[in-house]
Structures are given as structure tokens and as C-alpha cells.
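A.B. asks: Below you'll find the structure I mean.
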């Protein structure tokens, strides 16, 4: 088995209201069951998720946090506005967002945007992936999957990798439970993070900084599905999330 990862070249700087599906189709002829992987930054820009830092007024909680961690209270307020729980305050803010994604700074980006502005992530990345996928299918006449990605750190390793934050017509997790291993033993715990693995592969071509390519197409890896899927299928249930439990205990001890 083999598959291709194709960087879609000549994607221009994206602004509010830009037609991403048309731009993608203009620069690459899509094929049936392609997986279109798109950086959340350009999805957010097209959706107008750009805000001036000077327009944000910090509240009491943001001001208190700023006094403890030395960050700009306006930036903290922006993070809090997108968060339902703060797990770590410093040296960075680790939060669970309103959408259920656990990440640094609620996914708010200060890079790849003009000074003095903040780029918020898509409000509902599954919905963004769905809109993008449906429009791409209409334009191309092909059956397609879409993954919206962001770069995430890892809890126990240095460095960032691509991670899926929104999906369309692709199952995010492959369950191997019940299958047999090389020695005939039945697998009892085996779940493969397909969407994250594909996001990581795409991130190798996307790159970072000024040379970034925000759209990559995976071709030849057929994981298309007709049913509706959601990124929350990848989130660990609260009762199983020992890292969050540990961070909450640590917070209580600090308080």
C-alpha cells in the first residue's frame, strides 16, 4: 500500500470572505476519495476570525492572571473568552476550549498575522470542515474527505505536530479491538488516531513560518465514509483523562 501527500501550491494570502474551495480547486484537480487537509489559520481568516488586541477589555479574572503570569491581560481575556476550563496558567495557558479541544492559548494565534491582531480558531471546526467539504465536492464532482488542522504540542515530548481539530466524511479513530495480532492474540486495547496521523503527515509539507503551505491533499489512502463524523470522537472521556485529573489536583494544592 502507498499514498501520496501533495502540497497545493500558489495558495495566496487569505482574507475575510475569500472563497477557499474555489482557490483550492483552481490550484489542484481533485480526485475521488482525496483527503483535503487545510490549516485552521486560513479557515479562520476566511471566516473573519481576526480581532484587534486593542479592542479587547480585560475582566477581573484576566487582570488577576496577568499579575501572576506576566502576560498581556487583553490576550488572557481573549483566551478566557474561548475557554471552559483553565488547566495551566503559566508558563503558558493550557485550556479546554468551548468546543472541547485541549490546547495552548485556546488555539489563538499571534503569528502569521499583522502586529496588534489576534487570529481566533474557527468557532466550530467540524462545521467549517463540513462546509468546505460540501463546496469542494460540488465544484469538483468528487467524493472527498476534509481535515482541518492545527499544530499542537505533546505532553511528554519536545516539538509540535499537526493535529486534527475538525473533520468531514472521515472516521477519526480506527478501532482494532477484536482483531488478532501476529501471534493470534485478540487485541483488547488498540485505537489508532487516523485523523491526527494524517494531519501530522500533511504538516511535514505544510511547514511553519513564511514558507508555509496551508493545504495538502492525501491521495491513495482511502478512508472516506458517508456517515457524519465528529472530532469529539477523539477526545478522551473525562473519567479516563488522568492528565486533566492530575492538573486539577495540582491547581487545588497551589490554591
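Each Cβ is built from the backbone N, Cα and C atoms, and glycine gets one as well.
These came from Swiss-Prot, pasted as-is:
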BINDING   11-14, 40-41, 45, 112, 206-213  GTP binding site
BINDING   109, 150  divalent metal cation 1 binding site
BINDING   151, 208  divalent metal cation 2 binding site
A.B. asks: When the Cα of residue 150 (divalent metal cation 1 binding site) is compared with the Cα of each of the binding-site residues 11, 40, 206, 212, which one is closest?
C.D. replies: 40
A.B. asks: Where does residue 206 (GTP binding site) sit in the DSSP three-state scheme?
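C.D. replies: Assignment for residue 206 (GTP binding site) reads helix.
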A.B. asks: Roughly how many angstrom lie between the C-alpha atoms of residue 109 (divalent metal cation 1 binding site) and residue 212 (GTP binding site)?
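C.D. replies: Roughly 15 Å, rounded to the nearest whole number.
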A.B. asks: My understanding is the cutoff is Cβ-Cβ under 8 Å with a sequence separation of 6 or more in the same chain; which residues meet that for residue 206 (GTP binding site)?
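C.D. replies: The answer is 7, 39, 149, 162, 212, 213, 214, 216.
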A.B. asks: Measure from the CA atom of residue 151 (divalent metal cation 2 binding site) to the CA atom of residue 45 (GTP binding site) and give the result in Å, rounded to a whole number.
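C.D. replies: Roughly 16 Å, rounded to the nearest whole number.
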A.B. asks: Helix, strand or coil at residue 45 (GTP binding site), per DSSP?
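C.D. replies: Going by the DSSP assignment, residue 45 (GTP binding site) falls within a helical segment, counted as helix.
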A.B. asks: How many neighbouring Cβ atoms, not counting its own, are there within 10 Å of the Cβ of residue 13 (GTP binding site)?
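C.D. replies: Neighbour count, Cβ to Cβ under the 10 Å cut-off: 8.
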A.B. asks: For residue 40 (GTP binding site), what is the secondary structure by DSSP, using just helix, strand and coil?
C.D. replies: helix
A.B. asks: Using the alpha carbons only, what distance in Å do you get between residue 13 (GTP binding site) and residue 151 (divalent metal cation 2 binding site) once rounded?
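C.D. replies: That comes out at 19 Å between the alpha carbons.
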A.B. asks: Excluding near sequence neighbours, so keeping only residues 6 or more apart in the same chain, what lies with its CB under 8 A of residue 11 (GTP binding site)?
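C.D. replies: Once residues fewer than 6 apart are set aside, residue 11 (GTP binding site) is near 23, 24, 27, 42, 213, 214, 215.
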